[in-house]
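Here is the structure we will look at.
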Amino acid sequence: MCDSVFVKIMFFIINRIDSSYENSFFKKILDFIINAFKKLNLFYENSISGRAMKKMTELLYNSAILGFFFRKGRLAKWYEESLVFTAINAAVNFPSRLLKKVYLKFEDVFLESKIITLVRNILSKMEIIAGLFMVLMLIVPHAKWNNRYNLIIALILMALVFINTIIQRNWVFNVKAMDFTLVIFAITVVFSCIVTFFESVNFLAFYITCFMLVLSMVSFLRTENALKTFIEIMLAGVFIAGCYGMWQVVTDAVAFDPSLTSIEQSEGLPGRIYATMANPNNYSQVLIMTLPFFAAVIFNSKSFFKKCVYLIMALPPLVSLFYTGSRSGWIGLAVSIIVFTFFAQKRLIPFVIAGGILMIPFLPSHVYYRILTIFNTEGDTSSQYRVEILQTVFPMLKDHAVWGTGLGTNVFMRVVNTYHQYTKATPLHTHVLYLQIWIEMGIVALLSFLWFIYRTIKNAVICLADSTKEMKNILIAGVSALSGVLVIALVEYIWYYPRVMVIFWVITGILLAGISIVFNKNRKLSES
């Protein structure tokens, strides 16, 4: 392979690009822009507003209220030392520990086999296998995708991790990385389907799939390099799906659908693209959860060539987002950018906001007019429909606020059908993730989910101070991705489409794995 003429030519081109960059006109332009920003930043720091913002940040950081929310607590430590955690950890890892004892007795015999040695070497790179599965999940068109594939992927990854816990040293199911609030939420999911089991079993399978994926991810993403490799491979799938979305734009493959958009408020709007997902909103949610990681990879890349590659790869999905016509997606993008900037370089927030406002007149006309409809709720059929759903659902919520109706949208539809309908047809769901969780699974499920999200973001923020630059960028990307999609979840039931639900938990798994890597590294340093 190394002797290939093609490979030699490619390496020659790459080296030429890297070496010529220092003296290039492009670098001079970049240096000019960077120096301009430095001067603006210096001006801002010395301005009244800059000093006021710095003082406010210091007051907030040292305040007791913010300290309660963003400093280490004791609950996690108590949980890790509790009998409950010990029992769960022992139960999950008992089969592999038992089989590992047998394997270690005959390890010398097994290692004489070239096949077993090859299997060990392949399975030690689980991040590559899982990344390729993610690419598959992202690029297969909706018409060809079966929700069973999600479960199959989760089962395969769990099985491979299980094999690794037997044949590899220092491999275990990383139960400790699964926060106790996630355990509580998982328990409420199981309890919510007891009464309605036969109606809820398919939806229970979706949740089990997601929980298995998270457990497997925090178990095989054991190092910073493994985490970076997984993310980089996953982004290849986002890029391919983005190219397909751009193909839909260029060829006008998607016709205007009046069921998705109000005709009166959509003058000049082309067909809303959806790439490989079920509809435009689903696709925009996937993009909001994955686009921030392009920024992390670009900032983490040490070579100019790799930065350019991932910058180019980010363009098709980014442009595709504006052609989804998803207003909630655009708001989610704005939130993600602001959150990313806040944690990466908070001094740039005024410039980012100003830049965003200045860009509005230069947006494509259909995007500009679509944004304006956000502020015209009276004539917006989508907003009116959501209000009608809430009017239908609130009486139902009063009756089922504590225990919920039972897991699954089919149970929800059956129960809501017994109430007065403000909508023309029985709503499929509430269009609000948090409200849907509450109605289906009860108040404990909602509170445990919100608690889990809060603790995940809190722990990620805590880790920023003790992380490498690369890990810091990954954690910031994860926090901004979750922030963006959770804002969308205020007006969308983002888990209605199982693939989006799975990707949500994959992003959560990335964050939990990153937190676990940082905590373990700091624990080893403190013990040494």
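Cβ coordinates are placed from backbone N, Cα and C, and glycine is handled just like the others.
Note that TrEMBL annotation is computational and uncurated.
Features of the protein shown, as given by TrEMBL:
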DOMAIN    314-450  domain 'O-antigen ligase-related'
TRANSMEM  122-143  transmembrane segment
TRANSMEM  149-167  transmembrane segment
TRANSMEM  179-198  transmembrane segment
TRANSMEM  204-221  transmembrane segment
TRANSMEM  233-250  transmembrane segment
TRANSMEM  283-301  transmembrane segment
TRANSMEM  308-323  transmembrane segment
TRANSMEM  329-344  transmembrane segment
TRANSMEM  351-369  transmembrane segment
TRANSMEM  433-454  transmembrane segment
TRANSMEM  474-496  transmembrane segment
TRANSMEM  502-519  transmembrane segment
The transmembrane segment (329-344) and the transmembrane segment (283-301) contact flag, 3+ Cβ pairs under 8 angstroms: yes
The domain 'O-antigen ligase-related' (314-450), counted residue by residue under DSSP: helix, strand, coil: 102 helix, 0 strand, 35 coil
Considering the transmembrane segment (233-250), which listed stretch of 122-143, 179-198, 308-323, 351-369, 502-519 counts the most C-beta pairs under 8 Å: 308-323
Recorded stretches the transmembrane segment (204-221) and the transmembrane segment (179-198) touching, at least 3 CB pairs under 8 Å: yes
Criterion met for the transmembrane segment (433-454) and the transmembrane segment (149-167) (at least three Cβ pairs under 8 Å): no
Annotated stretches the transmembrane segment (474-496) and the transmembrane segment (351-369) touching (3 or more Cβ pairs under 8 Å): no
Non-local residues, at least 6 beyond the ends, that sit with Cβ under 8 Å of the transmembrane segment (502-519): 134, 137-138, 150, 174, 176-179, 209-211, 213-214, 217-218, 221-224, 227, 230-231, 234, 286, 289-290, 456, 459-460, 463, 466-467, 471, 474-475, 478-479, 481-482, 485, 494-495
